[in-house]
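**Student:** Structure in C-alpha cells, see below.
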Amino acid sequence: MKIDGYTRMAAVVANPIKHSLSPFIHNLAFDLTDENGVYLAWEVESKKLAAIVENVRNLDMYGLNISMPYKGEIIKFMDELSPAAELIGAVNTVVNHSGKLIGHNTDGIGFFNSLKKYDFKIENKQILVLGGGGAAIALIAQAALSGAKKIVVAARKSASYDPLNEKLAKLSAKTGVEILLTDLSGADRLQKELNQTDLLVNATSVGMDGASFPLEKSLLLPDKLLVVDAIYKVRETPFLHWAKEQGAQTENGLGMLIGQAAESFYLWTGKEMPVDKITLEMEREV
C-alpha cells in the first residue's frame, strides 16, 4: 500500500469495532483498484461523534462507515439523506461531497446486488424475512424501494412486536408496497406465505452458534426458492443446510457484507469494487 501526501482516508466508526473486517475489505479494494486511499477503524465514544464528523470535512476524507450503536445517532450530523437512509432511519455510510455530508444506507442495496449472480431481481417478487431488527429493516425498506410485490416479516411475539408492526405499517404507507407482519411460531400461516415466496431471508442472529434454528423444521420450501442467511461467520448454518437439503439455492451473509462495502466504495471513489477477488480473500479470512 502506497501512503503519501495525496492519500485520502476513510474509516469505520463504532463501539466496539476493533474486530471489524471492513479495513481488510476496503484496503484490499484500494490496492486492487490503484486508488490512493487508506481505511481505518475508529472506536469512539458518543460524545466524540461531532468531532469525528467535522474531521471528515477538515481532512477531506472520502467519508465514513457507521456501525452500531451510531447508525441512528449520526443522522443529526448529516446535511442530506439518501431515500434509503431516510426510509430506514439509519445511516451506515457517510459520503463527503466537497464538504457536504450525505448519509446513505448501503445494507439493503448491497444485499440485493449480492444476489445478481443468481439472476435474482426483487422487482415484482415476494420476500419472506425472518426477524425485525436493524438488518431486517434495511432489507425490507430496500425491497420496497426496488418494487417488491409483497414483503412478509416473521418475528417472535415479544415487547417489540407491536412497535415493529407500527414501523412496518409506516414503511408500507410510504412506499405503497404490501408489508405484513406475522408470528414466527405460526407454522400454518408461514407455510401459506412460503408457498408464494421467491426469497427467504434469515435476518436474525439465530444460527450463529452453529446449532440453533430460526423456524419450524417441518415447513416445506417451494421449488426454485432462493434462501439467504445474513450470518457469515458460520459458513453454512443449520438453516442453510436445511434449505439445501430441500433443494433450495442458498447463500450465506458474506455476499451481503461485501455487497454493502462495495456500494460504499463506489459512492466514495466512483470505482467498482472487485467483488470476486475480494470474496476469495474473505473466504480465507473468515
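Each residue's number is its place along the chain shown, starting with 1.
Cβ coordinates come from backbone N, Cα and C, glycine included.
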**Student:** Of GLY108, GLY207, GLY253, GLY255, which does Swiss-Prot put in the NADP(+) site with GLY131, GLY132, GLY133, GLY134, ALA135, ALA230?
**Tutor:** GLY253
**Student:** If I go by Swiss-Prot, which of TYR161, TYR232 binds shikimate at the same site as SER20, LEU21, SER22, SER67, ASN92, ASP107?
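**Tutor:** Of TYR161, TYR232, TYR232 joins SER20, LEU21, SER22, SER67, ASN92, ASP107 in the shikimate site that Swiss-Prot records.
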**Student:** Considering Cα atoms only, can you say which of GLY132, GLY133, GLY134, ALA230, GLY253 is the nearest neighbour of SER67 (shikimate binding site) among these binding-site residues?
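**Tutor:** Of all the candidates listed, GLY134 is nearest in space.
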**Student:** In the structure shown, which of the binding-site residues LEU21, ALA135 has the fewest other Cβ atoms within 10 Å?
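**Tutor:** Relative to the other binding-site residues in LEU21, ALA135, LEU21 has the fewest Cβ atoms within 10 Å.
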**Student:** Could you state the whole-number distance in Å separating the C-alpha atoms of LYS71 (active site, proton acceptor) and ASP107 (shikimate binding site)?
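**Tutor:** Cα to Cα, LYS71 (active site, proton acceptor) and ASP107 (shikimate binding site) are separated by 12 Å.
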**Student:** When the Cα of ALA135 (NADP(+) binding site) is compared with the Cα of each of the binding-site residues SER20, LEU21, SER22, ASN92, TYR232, which one is closest?
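**Tutor:** That would be ASN92, nearest by Cα distance.
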**Student:** Tell me which of the binding-site residues GLY131, GLY132, GLY133, GLY253 ends up closest to TYR232 (shikimate binding site) in space, Cα to Cα.
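**Tutor:** The answer is GLY253.
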